[in-house]
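Residues annotated as active site, 4-aspartylphosphate intermediate in Swiss-Prot: 333. Annotation comment: Swiss-Prot describes 592, 596 as Mg(2+) binding site. Summarising the annotation, Swiss-Prot assigns topological domain 'Cytoplasmic' to 1-65, 119-247, 296-646, 698-713, 781-792, 843-956. Among the features that Swiss-Prot reports, topological domain 'Extracellular' is placed at 86-97, 269-277, 667-674, 735-759, 814-821. For 66-85, 98-118, 248-268, 278-295, 647-666, 675-697, 714-734, 760-780, 793-813, 822-842, the entry in Swiss-Prot reads transmembrane segment.
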């Protein structure tokens, strides 16, 4: 051990070319053997070479904190702070220090909350991503074990197999050549072949084969590590960030317009004094900007991401949450996702093709062509049929094992029997095994008949073949292959798959089965799961189908209507995703293998299922840690709840901006009312503190896929904000210009006086604006009536605490610096009552906006035909014709005729009409059977009588 540091020092300084010297010299220089390192030696080398990972630059905590004050919304607040001490310094008054301090305090509070929450979210995300850290099979102390790739050191012996991402730079040892995808490193588009002695780079992907290798470089010393130092990381602006920017810009522009109008009217027209004008501008700046928006939305997303992880879905990309919320098509693997991937073989159904061989011998041959360790589901099922798994290698000596790969779709074992004769046995996809057989033409028809018979019962087929190798060399082709038998494999559906698919459809997510199995198996599984049997072979994707009923349909439409596809290869998955995206669908795709990576990357939401390969996980947006489809649907619901919280807040933020800008601008310009800027700061601080709790609010997920609709957000915000602004103007008019409130409620008057002391009026306006503005969140957070959908207790508690503080300030505060005076409990009660009355129509306004934006209201206004026709059921014939046409087209009986549909009608609406018609018919039938009134009406209709002339009473 004494000489090791010097030798390893040479390796550390890269003075030895380990990539090109002979493999034996590699072992000599690394002071290791083919039996691997000991755990002690590995630990010593870890202290020399460091962990096998790229160290990220540590960001300064202080600079990160300041970064939260560096965005367009914060810039506006910072401009307001400068205005408070620089511009608001005239008219015989000192600078507005209280507003300056208040603004800075508000900025610090928001930045602190953002910093703490993002730091917590970052720590949680790091812990979650640690669960996804790549693993490596490494030989230590003479035993193979799975370790984190980060603890690999030069000299370790590792195992590389299909789907693995190479964990470190290494030299290959004896074994079959690998197909390595180095496109991420070298730009080579095609996989390259690497044999024994060749070097492989960290970060490349194994596309085919299995082999052992010796690690020669780790961490920053790898080819990938050196390249990473030369490249700066790039931050891609996501859709979420664009939406955030758009909403922020809308609010800033609204404030700018209000300020420009105020400047034009106050100074050139009204000839107002300088200082009051600046104060009014500060009110719009401070009150209108949604300074908490980045914090609220980021915190909501981070908390939601953590909740998803608890449900078994780890989000690698935060913005995948909003895409998951909008997903309307999910292309799901069958095996392992819709089914258990726990295969069973019915020995009684085994179909033997070779003479003199029984079912037990077939099982033994299939077991020999299986792995004893590190098994897949098929290996487990086959070897599990033996009385003792050791029987699979009993009496033979293994020479060479060919692992499964997507190209050959089979495994094979070359072995020596007790007499020293060499044999080879193979199992795999029936077509591949059949192609090996020397008598393929004689048995092909029978093989396909058996396969179809199995498939009709939902059983997969596994072929087994055997050959002798008289040459006695593992490289030799051997004698003729003999097709031995077909084994039936049954993969039972998950107990919750059918219910989950039904839930998905109710949520507007269409689940399509994507399977590599036969069409008949796909249809049988679809039938059992209740997802439909409208499935097609993969040849239909290429327009090569011979089925005349679907040959006339465009491929895009075929994919959109299909319940699934069978016989699918990874390249077909990519095509399916591309076509669905072209039809404006938000598409999710599940995958587990290395060849699924392109489709997972192409999909809007790539989902790596439980036990997926490193390559699939790397390409995905979401990694599942639990098996089954139910995890995905639960993640969809959670994502929609997260999205709903963000959407609720953005509508609220826009509403408050419009409400503050329009309301205070009108008060300033009509009655020359100067509201104290400091009180707007108090409103902002209390509002922001309360609104932070919306990230944990109880919400109802949307029943349909969600997406950012900026027109809806802006329209709803402008209308609700405009309504609240007008109610404040009306309240001001009633309190200032009339004696309505004193006459009705017996409170002191706030009417206009000779001195026009606005102090009490300012307190009244403060309380009116504060309470109704914050109460608006209960309207924007609910889809139906706000008093029906129960909010989270934290939000309710925060609201009442904030408004209790606001009420106490309005009742008791006599702050000369803020120009307010207490109004007493009488006025406080009047204002709360006024705001309750103001609150009631908000839900109705929300419903009207939603109805108007849906387009249906405009159809009625523009067409005007329904209102003026004498027909009782206008357009009934056209609707019936459209529905019948849609049904015939959906079942492939008729080519779609675009002329028959109006611009506002589509297949989905017609299908919905059809479903509603079915439900109405069923309700009518049950009503006729089970109610006396229904029975009487049925008889009257059947006899052709007029019910008005029948003088008898009946009971409902």
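Placement of Cβ uses the backbone N, Cα and C atoms for every residue, glycine included.
Spatially, the transmembrane segment (822-842) is adjacent to the transmembrane segment (714-734); three or more Cβ-Cβ distances between them are under 8 Å for residues at least 6 apart in sequence.
For the pair formed by residue 333 (active site, 4-aspartylphosphate intermediate) and residue 592 (Mg(2+) binding site), distance between Cα atoms is given as 9 Å, rounded to the nearest Å.
Within the same chain, the transmembrane segment (675-697) stays apart from the transmembrane segment (714-734): fewer than three Cβ pairs sit under 8 Å, each pair at least 6 residues apart. With DSSP states grouped into helix (H, G, I), strand (E, B) and coil, the topological domain 'Extracellular' (814-821) comes out at 0 helix, 2 strand, 6 coil. Segment contact is absent for the transmembrane segment (98-118) and the transmembrane segment (647-666), given fewer than three CB pairs below 8 angstroms at sequence separation of 6 or more. In the three-state DSSP classification, residue 333 (active site, 4-aspartylphosphate intermediate) falls within a strand. Each of the recorded positions 333, 592, 596 was assessed for Cβ neighbours inside 10 Å, and the highest tally belongs to 596. The list of residues near the transmembrane segment (278-295) in space but at least 6 beyond its ends in sequence, with Cβ under 8 angstroms from a Cβ of it, reads 68, 71, 73-74, 76-77, 79-80, 83-84, 87-88, 90, 96, 99, 103, 106-107, 110, 113-114, 117, 244, 247-248, 251-252, 254-255, 258-259, 262-263, 266, 649-650, 653-654, 656-657, 660-661, 664-665, 668, 674-677, 680-681, 683-684, 687-688, 691-692. The list of residues near the topological domain 'Cytoplasmic' (781-792) in space but at least 6 beyond its ends in sequence, with Cβ under 8 angstroms from a Cβ of it, reads 644-645, 648, 652, 693-694, 696-700, 702, 842-843. Residues of the same chain lying 6 or more positions beyond the ends of the topological domain 'Extracellular' (667-674) and with a Cβ under 8 Å from any Cβ of it are 261-262, 265-266, 270, 272, 276, 279-280, 283, 728-729, 732, 736, 758, 761, 765, 819. Per-residue pLDDT, averaged over the topological domain 'Cytoplasmic' (1-65), rounds to 78. DSSP assignment over the topological domain 'Extracellular' (269-277) gives 5 helix, 0 strand, 4 coil.
Tertiary neighbourhood of the topological domain 'Extracellular' (814-821): same-chain residues 98, 674, 676, 678-679, 758-760, 762-763, 766, selected by CB-CB distance under 8 Å and a gap of 6+ residues from either end.
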